[in-house]
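*Asks:* The domain 'Pyruvate carboxyltransferase' feature in Swiss-Prot is assigned to 8-284. The Mn(2+) binding site feature in Swiss-Prot is assigned to Asp17, His208, His210, Asn244; the stated evidence is sequence analysis. Annotation comment: Swiss-Prot describes 408-531 as region 'Regulatory domain'.
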Amino acid sequence: MTTKPEKIIIFDTTLRDGEQCPGATLNIDEKLAIAKQLARLGVDIIEAGFAFASPGDFEAVHKIAQTVGTQSGPVICSLARARHDDIKAAAEAIKPAAKGRIHTFIATSDIHLQYKLKKTRPEVIAIAEEMVAYAKSFTDDVEFSPEDAGRSDPEFLYQVLERAIAAGATTINIPDTVGYTTPSEFGAIIKGIKENVPNIDQAIISVHGHNDLGLAVANFLEAVKNGARQLECTINGIGERAGNAALEELVMAMHVRRQYFNPFLGRHPDSEEALTNIDTKQIYKTSRLVSNLTGMLVQPNKAIVGANAFAHESGIHQDGVLKNKLTYEIMDAQLIGLTDNQIVLGKHSGRNAFRTRLKELGFELSETELNKAFVKFKEVADKKKEISDWDLEAIVNDEIQQAPDLFRVELVQVSCGSNARPTATVTLRTPDGEELTDAAIGTGPVDAVYKAINRVVNVPNQLIEFSVQSVTAGIDAIGEVTIRLRYESRVFSGHAANTDIIVASAQAYVNALNRLYASLQTQDKQTEVTA
């Protein structure tokens, strides 16, 4: 019999379901960087990918299992369809992890059975039972999901779950695959499972939901009240279509309203024990990392991690907050790792002070990474006399967490004005080490720079998104540029930061082109292998 956990288990699927968001494609090193940060955040399980989907996915899951899947670290999980080859690939990928999980699934709604699977109900039950048992032959930790459970016939759903648990599933995950249910409906589904699946006490009930109607977090909280003890979520709520339930919103909702949720977990209302293992002070840093690497910007009014989450415009609100924060703030910004943005370093600060402050902010850099970041810090400090924690974060993210360095910006010069045609000259270092220079005229300085870069790189693409944000206030603030471009049906993102937004724009564009170029090279190699 499985012992019910004392805390809510946080299952992070940013690297699997979150990466399915258009344009959020990550390379292996970026996935590893996020996995390491998720471990620092304190998630219980990392769904590292879908091992059978591609060689790249397999390698990413395997590398994360090797590096992050330590005895004291999170469980490393791979998704697998209810098929022998999928499950075998998942088992091989998670093998290096001290604690590994296989998550297998098959659809159970009539619409999926009829049109997608073309299977009968008895056939689906038999497949679920067989594949869970097969997964169990590789690991004791097996999760089973009845896809589209929210639209499945309850009686059939109960039968499938009972047989899956009997075959060895230790976690039963209930997905609202298309984000269709309302909180009361979703809570009723979980309650029905608790009451009608005879062996449900042998498994943990998990939930997975999408945000198509904006109800994912509300559905999950209702599920907790009805017996769910594992929540499958993503950082910033990224994912397919309208995204997934946001980890930061779920965790902070239960943290701030702990007295409300305590009784549903059999605790005294006034218990101060945390409901999850999450280190909330790592939330903001994790949010920024995922946003920077995926190119998925966080909307300013996003709960918990949005730029305006702790901002007050109304004079009445401002007056109240100045007198006592609790008048209009239900949580302290420092709870999620936001600092008061104190000025800590300047151009006279040395390497030791730089290293020490980065450690205090939670950055763990190798000596090579530290050297690169310190050089960039000195460059910024010469232009910007006051360096804040947010500036340091932008410097580290920009210098260390970048796309493969295939093309590199060596020079950017622009000429523009009210009576001049914007002209740009750029010099790029190619993957072969050659320096190429070209120039172009555009509708503005950024357009001219991008046209000049395209003349050098010569990879057809369409720019579909361009965004500039300042890291801090002030005329000398670092500007962060995020761009997304499309090549055929795929979307690639780029991110860069600089006190000169034209330079940042060039670097962000080249970062996105590097991702595109690396992808084309990988395709060519795979074509050669299969030819």
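One-based numbering along the chain as shown.
The backbone N, Cα and C atoms fix where each Cβ goes, and this holds for glycine too.
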*Asks:* Counting by DSSP secondary structure, give me helix, strand and coil numbers for the region 'Regulatory domain' (408-531).
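*Replies:* Helix, strand, coil within the region 'Regulatory domain' (408-531): 43 helix, 54 strand, 27 coil.
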*Asks:* Within its own chain, what residues at least 6 apart in sequence put their Cβ under 8 Å from the Cβ of Asp17 (Mn(2+) binding site), listed in sequence order?
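*Replies:* Result: Glu47, His208, Glu232, Thr234, Gly239, Glu240, Asn244.
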*Asks:* Given the model, what does the mean pLDDT over the region 'Regulatory domain' (408-531) come out as?
*Replies:* 88
*Asks:* For the recorded Mn(2+) site formed by Asp17, His208, His210, Asn244, which further same-chain residues have Cβ atoms within 8 Å of the site's Cβ center?
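*Replies:* Once Asp17, His208, His210, Asn244 are set aside, the remaining close residues are Thr13, Pro175, Thr177, Gly209, Asn211, Ala216, Glu232, Cys233, Thr234, Gly239, Glu240, Gly243, Ala245.
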*Asks:* Could you find out if DSSP has Asp17 (Mn(2+) binding site) as helix, strand or coil?
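*Replies:* It is coil.
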